[in-house]
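Pulled from Swiss-Prot:
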TRANSMEM  5-25  transmembrane segment
TRANSMEM  56-76  transmembrane segment
TRANSMEM  81-101  transmembrane segment
TRANSMEM  111-131  transmembrane segment
TRANSMEM  161-181  transmembrane segment
Amino acid sequence: MDIKIILMLIIGYLLGSIPSGVWIGKIFYNKDIRNYGSGNMGTTNTFRVLGKKAGIVVLLMDMLKGTITACLPFIFHVNVSVLLIGLSAILGHVFPIFAGFRGGKAVATSVGVLLVYNPLFFTIAWAIFIITLYISSMVSVASMLGFTLVSIISLFFNDRVLTIVAIVLTVFVFARHWKNIERIKNGTENMVPFGLGYRRRQKNTK
């Protein structure tokens, strides 16, 4: 394997390992978000525990980890798929060396990689996520359904690598959301405070 590819994979993993939510929480709020809410260090739990501003910052930072990593092949002038290099950042986000290998669910970082690989596909994926989130008011549902639909839509792009990576990530996202799936079945899944699902739950509790 080319030494540059190895170097890119290492850099990508280290970038992905940056625990944005943990660092933002500790530095600015004196909180380790892994001890609150769902215990996850990702964007959703950051919104829930630290608020909107911190959540947006962590979302952008987590996406940026994937975006920067996906740009490495262009920076190093190496002809290798940005998706494959981007996977190293996703792996780092899920198993971060800087946070005891307790990471997030890789949704934002995956989207960041997709932005570089195919902006059109990124736009489609983002639109699916937003629409699904508005309907369900559940980030978990939007993530799982979004990745599923993205995998199906990727078939129409005639890009084998994209389809394979999309399917692998979909399976992985479902595996990382198994606790959420149980809560969805029990009707106890956390909701964001907007959208049709949230309004329906609020109406039923009155």
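Every residue, even glycine, has its Cβ placed from backbone N, Cα and C.
Non-local neighbours of the transmembrane segment (161-181) in the same chain are 38, 81, 83-84, 87, 90, 94, 105-107, 110, 117-118, 121, 138, 140, 143-144, 147-148, 150-151, 154-155, 189; each lies 6+ residues outside the stretch with a CB under 8 Å from one of its CB atoms. Among residues of the same chain six or more beyond the transmembrane segment (81-101), those with a C-beta under 8 A of the stretch's C-beta atoms are 5, 8-19, 22, 34, 41, 62, 65-66, 68-74, 109-110, 112-113, 116-117, 161-162, 165, 169, 172, 176. Same-chain neighbours of the transmembrane segment (111-131): 62-71, 82-83, 86-87, 89-90, 142-143, 145-146, 149-150, 153-154, 157, 159, 162, counting only residues six or more beyond its ends whose CB sits under 8 Å from a CB of the stretch.
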